[in-house]
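Student: Take a look at the following structure, please.
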Amino acid sequence: SLMQFETMIMKVAGRSGVWWYGSYGCYCGKGGQGQPQDASDRCCFVHDCCYGKVNGCDPKDDFYTYSSENGDVVCEEDNPCTKEICECDKAAAICFRDNMDTYQNKYWFYPTKYCKEESEPC
């Protein structure tokens, strides 16, 4: 679920996903189009693609089971569909953490009018 994703980002990256990535670049937040603007925005692009491949459950609403210790996440889900959601969220949280140094404030609340280039395929 998106609520779990927020918590996971806090545990892995040490920052709020909603605050830092809720409306960032062309892909972080609702929707997504154009080209990712930087590495952090690409994390969101890849996460959107990952969610798009999930079949049989709802990535935004369905809950999964995971554990976290010292920033390491283990998806402990028996259901293959919700485990896939957990793995998508885990990869994005790690991506945010690993690319914090490329985060640029100019892409925070980036106007969608600048996201008009043709999107690349997932």
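Cβ coordinates come from backbone N, Cα and C, glycine included.
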Student: Per Swiss-Prot, which one of Asp48, Asp58 shares the Ca(2+) site with Tyr27, Gly29, Gly31?
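Tutor: Between Asp48, Asp58, Swiss-Prot records just one in the Ca(2+) site with Tyr27, Gly29, Gly31, namely Asp48.
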Student: In Swiss-Prot's disulfide listing, Cys49 is paired with one of Cys115, Cys122. Which one?
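Tutor: Cross-referencing Swiss-Prot, the cysteine bonded to Cys49 turns out to be Cys122.
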Student: Please report how many Å separate the Cα atom of Cys115 (disulfide bond) from that of His47 (active site), as a whole number.
Tutor: 18
Student: By a simple count, how many Cβ atoms lie within 10 Å of the Cβ of Cys28 (disulfide bond), its own Cβ left out?
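Tutor: For Cys28 (disulfide bond), the count of other Cβ atoms within 10 Å is 27.
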